[in-house]
Amino acid sequence: MPRAPLPEFSSSVKLKYVKLGYQYLVNNFVTLLLIPVMAAVYLELVRMGPEEIMGLWRSLRLDLIQILCSFFVIIFAATVYLTSRPQPVYLVDYACFKPPTTCRVPFSTFMEHTRLISSDEKSVRFQMRILERSGLGEETCLPPANHYIPPRPTMEASRAETQLVIFSAIDDLVRKTGLRPKDIDILVVNCSLFSPTPSLSAMIINKYKLRSNVRSFNLSGMGCSAGLISVDLARDLLQVHRSSNALVVSTEIITPNFYAGNQRSMLLPNCLFRMGAAAILLSNRRRDARRAKYRLVHVVRTHKGADDRAYRCVYQEEDAEGHSGISLSKDLMAIAGEALKSNITTIGPLVLPMSEQLLFFLTLVGRKLINPKWKPYIPDFKLAFEHFCIHAGGRAVIDELQKNLELSAEHVEASRMTLHRFGNTSSSSLWYELNYIESKGRMRRGDRVWQIGFGSGFKCNSAVWKCLRTVKTPVDGPWSDCIDRYPVDIPEIVRL
Amino acid sequence: MELLWMIATVLFLYSSLSFLWKAFDCRRNQNCYLLDYVCYKPSDDRKLSTELCSDVIKRNKRLSMPDYKFLLKVVVNSGISEETYGPRSIIEGREESPTLDDCDDEVDDCMHSTLDELFHRTGISPGDVDVLVVNISMFAPAPSLTSRIVNRYKMREDVKTFNLSGMGCSASPIAIDLVNNVFETRKRTLAVVITSESIAPNWYCGTDKSMMLGNCLFRSGGCSFMLTNDPSLKHRAKMRLKCLVRAHSGANDDAYSCAMQNEDTDGRVGFHLSKSLPKVAVRAFTENLQALAPKVLPVGELALYVIRGLRHRLRRSKETKAYAGTAVRVNFKSGVEHFCLHTGGAAVIDAVGSALGLNKYDVEPARMTLHRWGNTSASSLWYVLGYMEAKKRLRRKDRVLMLSFGAGFKCNSCLWEVLRDLEDGGAWEDSIQAYPPQSLVNPFMDKFGWVNEA
């Protein structure tokens, strides 16, 4: 007969204080150890008296050579240590694209267009059900080409959308930071589903007349988590090239990817993906440290592609009629949860305080050696981070992560509100969420932010930032005109 | 006085030790070694003869007789042999409507066959790969091609993947640049790079002449190569990277639009090559050489160049007519033994060769690669390298310069140092004996030679 499971201790109020005490003890262990040592030294000094101390000093018999040599050794060791540390990477500022109101797609417009484009009544009703439960609002935007009935996914229209979203974001960033395009040393662009030749990075180089020795890279096909892949690449480049800056542009171009068929698994992107772009300025220059908003602490990438189920869960394919679209499998949530767990096992030790790591380790040992029925300990990431930016992939993704990480509604508010106001803007969604937190006046100096992105492949990428200066409201950004209306209550189902 | 002397000694010791430490620190992880490379050799049923090209062109009912003549003329005079390869969808008649499966199959065939051989030859398992880079310019599905490879070879979860796309024919040095930068931040790292091009989804079925050239010149090809910065693998490496220069002239509007994927007036997507391409290429090339020369040439040659330049300018100011239009040449052969030129076309190879002061022997690998494999886009440099290796030209301490051009407009180059005598036949194994052939003229000249008349 199985033993009764351990009672739910965590609900007990008394235990909460025990837990707090334990955390305080473990995290400040070294300091707590030093206090008695310092006290003993002080007491000893007081007991000895001033003459004895001077006598002790003179007896050391230091002569000039020894002083100079030890001085030299200390300075040399300090220089070696400082130069071999990785260079800090600062986020000077970032800008998100604010779509024009003429591109808005309220539910009524979306459904009207869908009814006129699609001949299949069942798929129309399916899309309506998706939209009702999606968590999207009435102000999300689609590019001009998608407003035609049927949409016109030409290459020219795709380029036009690209120019609209990317150039607006970069112009905004230039205005905010005073960045001169000729000063850009590194350029990384990621756009998953539109990759013309010449690349989007070449398009930016052409428009802003960047230098001929700019190091440009154009990443494509890497999914909704590609924004953090670009940041990772920019970080590696900034480690190698001293006194440089990097412009990272993350976007997803919607125009060429309208799915014209009726297969259900492929209709979801039509309902969820919306226009968006973000331009981020990273730097390793010391003078930028003073005005930078954040410092990049960690980037952790996890690729679950070795597992066939994970690889196939977001897959571009053609349906029976030859229409190309992205098919999302039913296991998406489960796979996202597993990918997150793998990512956490790497990032946990880097960010969690010692108290959580110890508890996790002890529970693991206990499960292996004592009783495998012990509940696995989910580390409390709220101790490591003040803010969470979870990719606004869809309502279900946010729900799943909230459950897995045991986050409160306020922690996932940025993600939910971004999904509501802007829809799923793919790799740039993390930046809209960060801007929401700033616009709400919640970002203070010293706060740590965790950005989690998921994408096809299946990848789960994380970035950890530390805030360097309190961000004052009002914040200039895509939320400036509507932040006061947020947060809104998003019902489970919006009846259409 | 003694105090001052001691302080001076200490400062001197400190500065010299700091300098030594910095130099040591810089060199620790900086070397990028090429362990091995495998060029793709498609199966023989994918060979595109001139006859087959003619049939494919005829299938496009929108073309008029002058268009047909023009295209056939390009094919016949291209310097491309009967042995080059095309994708199955074109050979089987589906060039106008390739399916996603056709595109996937084309890319899979190349990636899988080259990677299987690469892992087999190096004896390294896919689980040991730390960095994976794929560059295929004109095909970027979701999930990315890097994910495709991670899935097939069951690579580790923490593998760093980068899928470069849209970067044109000069993407090979860009991928190497990316890997080299990652190497400088990590120790004992292994990287695999796959470079290829996707032709099946990019066949142009319209009537715009500037877009039809791509159809005639591009052929199937690809290469997988393995790089590492682990000094313990140095004894197995073939080459070491010495320097890399990238020049991007996209700021200039002509340069940006001279090679561009666009829709024609009928709405069909094709790759437009404008008439200003040669001029743009020259400008990008010059920019690249200006940055490359100081890194590659010995000091003596650079000094000679400066002296010659001064003399030239003095003479020009005195006798303007005689010296106007001539330029001072730099002898790149003083710093480089072998030249891997991008096989963009016979004209491109000849123009670059003459600009660098190369003779027939030096451009032979590029011309022969164009003949045997056609323009395989970004991977062409590796076929040229393969030719040199199969001909046993690559000896220890030789320096190899890879030079390529691509849409954007970019000119990228990298210099390698050969670490040991290289003798693998690779993809050239079965055909190297026939090279160089007596004549590069198309064997069907008698049948199709009429296109050159009138």
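Every residue, even glycine, has its Cβ placed from backbone N, Cα and C.
Noted in TrEMBL for the protein shown:
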ACT_SITE  B:C169  active site
ACT_SITE  B:H248  active site
ACT_SITE  B:H338  active site
ACT_SITE  B:H342  active site
ACT_SITE  B:H371  active site
ACT_SITE  B:N375  active site
DOMAIN    B:26-310  domain 'FAE'
DOMAIN    B:335-417  domain 'Beta-ketoacyl-[acyl-carrier-protein] synthase III C-terminal'
SIGNAL    B:1-18  signal peptide
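Here the CA atom of B:H371 (active site) lies 29 Å from the CA atom of B:H248 (active site). The distance from the Cα of B:C169 (active site) to the Cα of B:H342 (active site) comes to 8 Å. Sorting the active-site residues B:H248, B:H371 by the number of other Cβ atoms within 10 Å puts B:H248 first. Cβ environment of B:H342 (active site): B:C169, B:S170, B:V348, B:A366, B:S380, B:L381, B:L403, B:S404, B:F405 lie under 8 Å away, each six or more residues apart in the same chain.
Chain A has a C-beta under 8 angstroms from the C-beta of B:H248, taken from the active-site residues B:C169, B:H248, B:N375. Less than 8 angstroms from the CB of B:H338 (active site) sit B:D362, B:P365, B:M388, B:R393, B:L394, B:D398, B:R399, B:V400, B:L401, each of them six or more residues away in the same chain. Using a 10 Å radius centred on the Cβ of B:N375 (active site) and all shown protein chains, the other Cβ atoms total 24. A 10 Å cutoff on Cβ-Cβ distances gives B:C169 (active site) a total of 27 other Cβ atoms nearby, all chains included. Following the DSSP three-state reduction, the secondary structure of B:N375 (active site) is strand.
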